[in-house]
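Trainee: The structure that follows is given in the form of C-alpha coordinates.
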Amino acid sequence: NLVQFGFMIECAIRNRRPALDFMNYGCYCGTVGRGTPVDDLDRCCQVHDECYATAEKHGCYPSLTTYQWECRQVGNECNSKTQCEVFVCACDLAAAKCLAQEDYNPAHFNINTGERCK
(Lines of atoms letter the chains of each structure in order from A and count residues from 1; the text may use other names and numbers.)
(Lines give C-alpha, C1' and ligand atoms only; values in the text may rest on other atoms or scores of the structure.)
Protein backbone atom coordinates (compact mmCIF):
# COMPACT_ATOMS: atom_id res chain seq x y z
CA ASN A 1 0.00 0.00 0.00
CA LEU A 2 1.05 3.61 -0.27
CA VAL A 3 2.13 3.87 3.38
CA GLN A 4 4.42 0.86 2.99
CA PHE A 5 5.72 2.32 -0.27
CA GLY A 6 6.70 5.48 1.61
CA PHE A 7 8.65 3.46 4.17
CA MET A 8 10.23 1.43 1.37
CA ILE A 9 11.38 4.64 -0.34
CA GLU A 10 12.93 5.92 2.90
CA CYS A 11 14.72 2.61 3.38
CA ALA A 12 16.04 2.62 -0.20
CA ILE A 13 17.31 6.19 -0.02
CA ARG A 14 18.67 5.58 3.49
CA ASN A 15 16.55 8.40 4.94
CA ARG A 16 18.38 11.10 2.96
CA ARG A 17 15.03 12.87 2.59
CA PRO A 18 11.45 12.17 3.69
CA ALA A 19 9.24 10.12 1.39
CA LEU A 20 6.75 13.01 1.35
CA ASP A 21 9.23 14.95 -0.80
CA PHE A 22 8.31 12.55 -3.60
CA MET A 23 4.54 13.03 -3.29
CA ASN A 24 4.36 16.25 -5.34
CA TYR A 25 7.39 15.83 -7.55
CA GLY A 26 7.15 16.29 -11.29
CA CYS A 27 4.23 14.99 -13.32
CA TYR A 28 4.06 11.43 -11.98
CA CYS A 29 5.27 11.36 -8.37
CA GLY A 30 1.99 12.03 -6.63
CA THR A 31 -1.56 12.15 -7.88
CA VAL A 32 -1.41 13.69 -11.37
CA GLY A 33 0.18 10.99 -13.54
CA ARG A 34 0.05 12.55 -17.00
CA GLY A 35 2.22 14.31 -19.53
CA THR A 36 5.95 13.99 -20.04
CA PRO A 37 8.13 13.17 -17.03
CA VAL A 38 10.29 16.14 -16.03
CA ASP A 39 13.39 14.00 -15.37
CA ASP A 40 14.57 10.46 -14.69
CA LEU A 41 13.29 10.51 -11.11
CA ASP A 42 9.82 11.42 -12.37
CA ARG A 43 10.15 8.64 -14.95
CA CYS A 44 10.58 6.19 -12.05
CA CYS A 45 7.17 7.28 -10.83
CA GLN A 46 5.67 6.95 -14.31
CA VAL A 47 6.86 3.33 -14.49
CA HIS A 48 5.47 2.76 -10.98
CA ASP A 49 2.07 4.13 -12.07
CA GLU A 50 2.12 1.78 -15.06
CA CYS A 51 3.02 -1.14 -12.79
CA TYR A 52 0.07 -0.32 -10.52
CA ALA A 53 -2.22 -0.11 -13.58
CA THR A 54 -1.10 -3.60 -14.60
CA ALA A 55 -1.74 -4.87 -11.07
CA GLU A 56 -5.26 -3.44 -11.24
CA LYS A 57 -5.87 -5.30 -14.52
CA HIS A 58 -5.05 -8.49 -12.60
CA GLY A 59 -7.71 -7.68 -9.98
CA CYS A 60 -5.38 -6.17 -7.38
CA TYR A 61 -5.84 -2.92 -5.46
CA PRO A 62 -2.25 -1.65 -5.22
CA SER A 63 -2.94 1.48 -3.17
CA LEU A 64 -4.57 -0.67 -0.47
CA THR A 65 -2.76 -4.02 -0.74
CA THR A 66 -0.51 -4.71 2.24
CA TYR A 67 2.50 -6.97 1.84
CA GLN A 68 5.43 -8.35 3.79
CA TRP A 69 8.83 -6.77 3.22
CA GLU A 70 12.07 -6.09 5.04
CA CYS A 71 14.42 -3.12 5.03
CA ARG A 72 17.88 -4.66 4.87
CA GLN A 73 21.34 -3.18 4.80
CA VAL A 74 21.81 -4.45 1.23
CA GLY A 75 18.36 -3.30 0.13
CA ASN A 76 14.66 -3.98 0.49
CA GLU A 77 13.27 -7.48 0.14
CA CYS A 78 9.71 -8.67 -0.52
CA ASN A 79 8.43 -11.65 1.48
CA SER A 80 4.79 -11.77 0.38
CA LYS A 81 2.69 -14.82 -0.38
CA THR A 82 -0.39 -13.98 -2.45
CA GLN A 83 -0.24 -13.02 -6.12
CA CYS A 84 -1.41 -9.45 -5.49
CA GLU A 85 0.96 -8.95 -2.56
CA VAL A 86 3.90 -10.21 -4.62
CA PHE A 87 2.95 -8.06 -7.62
CA VAL A 88 2.41 -4.83 -5.66
CA CYS A 89 5.52 -5.33 -3.54
CA ALA A 90 7.55 -5.85 -6.72
CA CYS A 91 6.14 -2.59 -8.17
CA ASP A 92 7.07 -0.68 -5.02
CA LEU A 93 10.48 -2.33 -4.72
CA ALA A 94 11.44 -1.49 -8.31
CA ALA A 95 10.28 2.12 -7.90
CA ALA A 96 12.09 2.58 -4.57
CA LYS A 97 15.34 1.28 -6.11
CA CYS A 98 14.87 3.56 -9.11
CA LEU A 99 14.19 6.63 -6.95
CA ALA A 100 17.28 5.88 -4.86
CA GLN A 101 19.47 5.93 -7.98
CA GLU A 102 18.27 9.24 -9.40
CA ASP A 103 19.08 12.82 -8.41
CA TYR A 104 16.38 14.84 -6.66
CA ASN A 105 15.89 18.30 -8.16
CA PRO A 106 14.05 20.61 -5.71
CA ALA A 107 12.92 22.75 -8.67
CA HIS A 108 10.62 19.88 -9.71
CA PHE A 109 8.84 19.72 -6.35
CA ASN A 110 5.30 21.09 -6.27
CA ILE A 111 5.39 22.33 -9.87
CA ASN A 112 2.35 23.72 -11.67
CA THR A 113 1.18 20.41 -13.11
CA GLY A 114 -1.63 22.09 -15.05
CA GLU A 115 0.95 23.86 -17.20
CA ARG A 116 3.86 21.40 -17.17
CA CYS A 117 2.09 18.04 -17.39
CA LYS A 118 -0.08 18.11 -20.50
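Any Cβ shown, glycine's included, is placed from N, Cα and C.
Keep in mind it's a predicted model, so treat the numbers as computed, not measured.
Copied straight from Swiss-Prot:
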{"type": "DISULFID", "residues": "CYS11-CYS71", "note": "disulfide bond"}
{"type": "DISULFID", "residues": "CYS27-CYS117", "note": "disulfide bond"}
{"type": "DISULFID", "residues": "CYS29-CYS45", "note": "disulfide bond"}
{"type": "DISULFID", "residues": "CYS44-CYS98", "note": "disulfide bond"}
{"type": "DISULFID", "residues": "CYS51-CYS91", "note": "disulfide bond"}
{"type": "DISULFID", "residues": "CYS60-CYS84", "note": "disulfide bond"}
{"type": "DISULFID", "residues": "CYS78-CYS89", "note": "disulfide bond"}
Trainee: Do you see any of the disulfide-bonded residues CYS29, CYS45, CYS78, CYS84, CYS117 whose C-alpha is within 10 Å of CYS98 (disulfide bond), and which ones?
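Mentor: Hits: CYS45.
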Trainee: Which of the three DSSP-derived classes (helix, strand, coil) applies to CYS51 (disulfide bond)?
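Mentor: CYS51 (disulfide bond) sits in a helix per DSSP.
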Trainee: Going by DSSP, is CYS45 (disulfide bond) part of a helix, a strand, or coil?
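Mentor: It is helical.
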Trainee: Counting only residues 6+ apart in the same chain, whose Cβ is under 8 Å from the Cβ of CYS11 (disulfide bond)?
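Mentor: Within the chain, CYS11 (disulfide bond) has Cβ neighbours under 8 Å at CYS71, ASN76, ALA96.
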Trainee: Taking Cα atoms as reference points, rank the disulfide-bonded residues CYS29, CYS45, CYS117 by distance from CYS91 (disulfide bond) and give the first.
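Mentor: Result: the closest of the disulfide-bonded residues to CYS91 (disulfide bond) is CYS45.
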